[in-house]
Every structure is written in C-alpha cells, then in structure tokens.
Amino acid sequence: MAVQLRNVRKSFGTVEVIHDVSMDIAAGEFAVFVGPSGCGKSTLLRTIAGLEDTSSGQISIEEQDVTWTEPAKRGVAMVFQSYALYPHLSVYENMAFSLRLRRASKREIEEKVLEAAAILRLEEQLHKKPSQLSGGQRQRVAIGRAIVRQPKVFLFDEPLSNLDAELRVQMRLELARLHKQIGATMIYVTHDQVEAMTLADKIFVLKGGIVQQSGRPLDLYRDPDNRFVAGFIGSPAMNFLEGTVTGREGDLTILEVDRTEMVARIDATPAPGTSVALGLRPEHIRVGETGLPVRMEMAEELGGLSFLHTRRPDMSEIVVEWRDGEHARMGETLHLACSPDKIMVFDTEGHRMR
Amino acid sequence: MMQIRKLENSILAGGSLLAAVLWTFPLYWAFITSIRTEDRVVSDAAGLIPDEFNLTAYASALFNTKLLTWYWNSIATSVIITVVVLVSGMMCAYAISQMRFPGRKLLYGVVLASFMVPSQALIVTQFILMNDMGLINTWAGIILPQLIVPVVIIVYKQFFDAVPKEMREAVVLDGGGDYTLLFRVYLPLNWGITTALAIITFIMAWNQFFWPFLVVTTENMMTIPVGITQVNDAFGVYYARLMAVALLGAMPVAVFYLIFQKKVTEAVMISSGVKG
C-alpha cells in the first residue's frame, strides 16, 4: 500500500474534526477525497502531508510509519489551491528550490527541472516570474515543483478551484494525462464531485470527518451506501421522495408516494407502514401516461439533452433527464415512473436498504 | 465651469509654489551664506541675491575642522546601526509573526509599549549605564542605545503576517527551516519594505544629535551633527563656515536618499506586482 491510515483522529481543541478514519490507497492509484466544505477532507490531506499532527492513529507511506515524521521527510509533495509559488523567483528557480535546499548538484537540478518542464510544456516559460503567467501556467508550475522532488505521493489540495470553468476542464484532463504518464500515487481533494468522478481511481466521500463510502467512481454512483453519498455523487443530484411501504409482492416492495404506487426491487423487507426515502436518478425517470404527477416548471437545455425541473404537489423538486427532442411546456402536468431495479430505498436514518 | 476649474488650479499651483519657496529658503540662505566671506555675511549689504562666489568657507571646513573624521564616525555608526537594527528587527518580527511559543503576545506587547516611551525619558539612565560600562567617547556608546527601534519590528511583523500561510507550508514541505523561510522567502518578498526601513533608519541615525552630543566629548569621536557645534572659537561664530559644514554634513544623506529613492519606488512596485 502506498498510503495507509489507521484509526486517525484529529481534534482542534475540544472539537474533533476527523473521526477514526482508516483507509488504504494502493501504489499508483489516483485517490480523491470529496465532500462538502467543512467535511475534513483538507485536514485529512494536511495530516498525511504532516502539516497537521494527528491526535491519535497511524499514518504509513510505503509501509513506513510516518505519523511523527517531519513533512519534508515523508516523501510527499503538495500542490496548493493558491499555488504558493515563490513570487520573487523565476519558474526555473521555483521548481529548483527544493533541490537547492537538498544541495543537489547543478547538473541534477537542471536535468530534473527541464524534464518536469517538458512534461508540463513549460519550456518557454522557465525564465518568467509567476506574475507573468496565466492561472493555468501557474498551476502547472506548482505541479512541476512537486514533480522535480519525485515524491512517493502527490497531494493536491483543491488545485483547480482558482481557475475559470473552461481552464478547469482542460487542467483536469492534463492531470489525468500526467497521472497516466508518471504513474505516481496521487491524493486529490475537491468539493467538486464531477472532478472526483472524472479523475479518480478511487473516491473517498467524506462528511463530518467520517468516510461515508469509498470505492471506484461508478460503483459509488451505481451502488451508494447511504443517502448522503447517493445525493452527493452525480450531477444533477439524485431526486429523493419521501414515501411509505405498503406491502410486498415476490421480490418487489410496494411503496406509496403522493398517493401513487411505486415499486422497488430490494431484498430487504421493511414492514408495511415504514417511512422510507426513494432515490431516483434523473436519467432513470421516464415520462409516461401514468405515474407520479408533477407540474413542469422549467427546462435546462443543454443541446443533446435537457433537464426538466418539475414540482410535486408538496412543492419539492424532481429533475428529469430528457433526450427525446420536444419536451413538455411550462405548467403542463407530467406523470413520472421508474423501473423497479433503478429505484433506491433509504431508511429514515439515510442507510440504504438493499 | 472651465473658469472655476482654472481658478482652482491657479490657487493650488500658487499654494504649492509658496510652500516650496518656504521650504527651500533656509537651504538657499545656507548656501548663499556659505559662499560669502565672513565679513560679507555680517555686513548690512548681504542681500538675498548671491553676490560673491567664495569657497574659503568650504576649504576651511574641510581642512581646518575635523569634518572628515566626523564624516567617518557618522558613516560608520549609521551603517552599523542600520544593519543591526534591520537584521535584529526582522528576526524578532519573524519570531513574533510566525513562530508559536509561550509569551509571544507578551513580547509583542513589550515591543509596542517600548514604542510609547519617549527616548528623552531614558537619556539619564542610558548615560549612567554607558558610563558604568566605560563606553563614553566610543562608537559602541553612540550605537548601543540607538539599536532599539520598535517601529522596525512592528512594520516587519505586519508585512510577514500578510504572507500567505501556504507559502510557509510549501517551504516546510520543500525541506526548509526558519532561516530558509526568513532569508530566502520572507525577506525577498518584502524587499521594498526593507529598503524603505533601511533608508529611514540610516537617516534617523545620521541626524541623531542629542544622544551623540551627550555621550561624546572628544572631537575625534564626534558625528557630523555634533561636530557642527564645534565650528566656532573664542571669537564667536563663523557663519559661512558653519553653513558650509552643515551643507557638507547633509549632503551624503541627500545623495543617499536620491540614489535609493528610485530603488524604493521600484521595490514597492515589484512587491505589489508580485502580491497581485
């Protein structure tokens, strides 16, 4: 394992922000910590970097216990959200800085800096100061500074948050390419689930300092353990409908939502009368003659597909993905249905009933 | 509307001109006095227009007084004070701004409090201390009490506080310690403020009169401002020579400022561009 956390806890004063986190990240894996702000993802990354001490637990990097090792000796390199480039140094000197501190030879420094510059296509910018670079170039310099150190693990703390939308997509692809090219273990923190889905080999979804679920992006999308993960992964987010169990027919559980019957195929057998939440992904909802009545409110046209925003009688929203050309007009009543295999059921505490 | 604007501009220009004349006049008067003979200076005929160009006063100032020795004393003490004040000030500010240790806030409180004590209030105790240490009539005696400049610490601390936390963390991850941080990151990042503080401290040390006047009694150890008081003899004051010494004494500071003024502007621009 490249990185291993065992029962890591972190408190600031009396407030515990990381609760007993254990995780394994394999060598060469691109792991992403994702979650809303304040979920502890950055703190966890900083704990791995050694910028924060753990309150208890153990952190190992390549089978070595580094819990109390100085940050510089852990073999990690970090790319910060604000880039943290040294403004008074040129791009070359920024990348050479850590090597100079290590008293590397002039030749070694030049070799490594030029190699990193070639990977990141920064050869033309080496003599420039960071203030003369664009946001994307600055970000690449920050990554270059990490590459020259040849770390065991790359740590990225929301590295794309300061870029505009277009550049963010471009840099995301470059990061994916870089990971393929150098094959290093990378840990990446973001609050953007799209970034997490597109980059990660393995996602760790965090909330309240607890890992809610970890796994491959599509596994998390298709098979979330709880309502939080189900709602967080996927864009637009999953629709949740409060309902009641009314009975069972074979392996189908009958549910009632807004006086409409819906059916889910789950193995669990909740007693009739149990309150549950139904989870429906926008792309799994069908518009038909029968089903849950909703009022069409607005459509988001994205060209090839549209997202229809509809309201239930209780005014809560349901988003439906629509790919079939002309869609309903505003104010019209639609009837929504979903295949029993695609409906997810969650108990009142948010745990998935499978 | 245009006319009101014109009138406003004229009033402003007139006011500025008057201020400039008022400010320059003493310098001008000192200059025309210094190029007159002593007799001419005290005669009724000495008007506002230069009517003589006589460099005797300058020759006399350079060769009949110890001006060159005073120059040397002034330059040496001012440079030492500037260097020590800046280096110790930036290190103290770095510690207060960036390091976490018990008593940090109290220490900063003491620095702030010392800022509020007028130096005159400490003169007697400082004199007794220097006397007890046998430092009267020495450079050390002139320099030591001038090394406490809390404003340098306060200004540096504020600038160090403004350096983003990530910059520090990046250096820590790169394997650098506090000295790397201070001398290779924080100092170059705040080069503008260092230049500005160096100029202010140097000029303050150069112009210092009261303390060197008390602690030095032999002509050989005097600095220029103190030396000026010696340019008279039993027959009274030699105005032309006095003005010549004063102008020669002020010249290095003026030249120093003029050279570095450009640097200050440059440095401030660089640091603001870099921060932007």
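A Cβ is built for glycine as well, from the same backbone N, Cα and C atoms used for every other residue.
Keep in mind that what you see is a predicted model, and the values were worked out from it rather than measured.
As annotated by TrEMBL, domain 'ABC transmembrane type-1' applies to B:71-260. The transmembrane segment annotation in TrEMBL covers B:12-31, B:70-94, B:106-129, B:135-156, B:189-211, B:238-260.
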Cβ-based contact of the transmembrane segment (B:12-31) with the transmembrane segment (B:238-260), 3 or more pairs under 8 Å:
yes
Short question: which residues 6 or more past the ends of the transmembrane segment (B:70-94) have a Cβ under 8 Å from it?
111, 139, 142-143, 146-147, 149, 152-157, 160, 178, 181-182, 186-187, 194, 197-198, 201-202, 205-206, 212, 221-227, 249, 252
Report, as numbers and ranges, which residues of the same chain sit near the transmembrane segment (B:106-129): CB under 8 Å and 6 or more residues beyond its ends.
92, 96, 145, 148, 150-151, 153-154, 157, 210-211, 214-215
With Cβ-Cβ distances below 8 Å as the criterion, list the same-chain residues six or more beyond the ends of the transmembrane segment (B:238-260) that contact it, or say none.
30-31, 33-38, 41-42, 54, 56-58, 60-62, 64-65, 67, 70-71, 74-75, 195, 198-199, 202-203, 206-207, 224-225, 227-228, 231-232
